[in-house]
Amino acid sequence: MALMKKSLSAALLSSPLLIICLIALLADPFSVGARRLLEDPKPEIPKLPELPKFEVPKLPEFPKPELPKLPEFPKPELPKIPEIPKPELPKVPEIPKPEETKLPDIPKLELPKFPEIPKPELPKMPEIPKPELPKVPEIQKPELPKMPEIPKPELPKFPEIPKPDLPKFPENSKPEVPKLMETEKPEAPKVPEIPKPELPKLPEVPKLEAPKVPEIQKPELPKMPELPKMPEIQKPELPKLPEVPKLEAPKVPEIQKPELPKMPELPKMPEIQKPELPKMPEIQKPELPKVPEVPKPELPTVPEVPKSEAPKFPEIPKPELPKIPEVPKPELPKVPEITKPAVPEIPKPELPTMPQLPKLPEFPKVPGTP
């Protein structure tokens, strides 16, 4: 019994709801928490029973159907497609050249003729004969001496190495391709031909003729009046100047040069003979011993192995492109060149040249004067 009382007291004290209720009853003013608990008790949400999990039923494993192995068919050889000739392009029609428009002839203006001025003739220079060069005698080339022919050494012959025969492989016969059953193609239904409606014929429209334009007459140019001829301009004659007599230089007396005294001749120095050097005896050079020539060993020649020739591929001819005809360019009409009138040159009058006065002769300087 004692144990039961202890367990009940312990259970009451351990529950938080009973403790809150006791505190609310003992206290004079009710607390907000106690009021809420007493007035608005929360409804308990009923727990739904746990539904068993839906297990997906396992499907039985079906054995995979094995595909039957198809026999390997050898690849059929494709038939050779015949070469399709290229269609020739139609020739472009030649475009006619446009006719050149003829320009009216422009009459040239006639210029007045001026008198011709004669050109002064140059004096002829005498011809200078070319000096003849002496002939050089031909020098004969010396003939080179003929060298004796050196016989070539014979190489040792090697035996030929026979090529090993390659084993022959049997030819693989190609398997015959089984003939497939020919399936008849279904015939297409015939479509009835629909007759084309005939178009109504249009009346021919007469071409309008262009009205003829009256020819316009060219106005005649008025004739230029003839210019009077220019009178010849006479060259003015130069006035003759009086001759100026040449001044004769006064004769200066000749001054004799003083004779220099002769220097006495110096006596000749006697010749000093050079002492002769004693002759040194000639030292003979020692002769070196001759080294015997060692013959070079001849190398054996390796037989040439023929190279395998690469297979030649047939050349594929390039297709020729059709030539496009050249379209000629229309030529433009040439405009006539208008020549400019040449202006005559007026000769300049020559000025009279002044005569040169003769230079005065220079007098010789007298020694002793500044």
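Including glycine, each Cβ sits where the backbone N, Cα and C put it.
What Swiss-Prot annotates here:
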COMPBIAS  65-223  compositional bias 'Basic and acidic residues'
COMPBIAS  232-262  compositional bias 'Basic and acidic residues'
COMPBIAS  271-296  compositional bias 'Basic and acidic residues'
COMPBIAS  306-334  compositional bias 'Basic and acidic residues'
REGION    65-370  region 'Disordered'
REPEAT    54-58  repeat '3'
REPEAT    60-64  repeat '4'
REPEAT    186-190  repeat '25'
REPEAT    197-201  repeat '27'
REPEAT    203-207  repeat '28'
REPEAT    231-235  repeat '32'
REPEAT    275-279  repeat '40'
REPEAT    325-329  repeat '47'
REPEAT    330-334  repeat '48'
REPEAT    336-340  repeat '49'
REPEAT    355-359  repeat '51'
REPEAT    361-365  repeat '52'
SIGNAL    1-34  signal peptide
(request) Mind looking up the mean pLDDT for the repeat '28' (203-207) in the predicted model? (result) 67
(request) Count up the helix, strand and coil residues in the repeat '47' (325-329) according to DSSP, in that order. (result) 0 helix, 0 strand, 5 coil
(request) Mind tallying the repeat '3' (54-58) by DSSP state, helix then strand then coil? (result) 0 helix, 0 strand, 5 coil
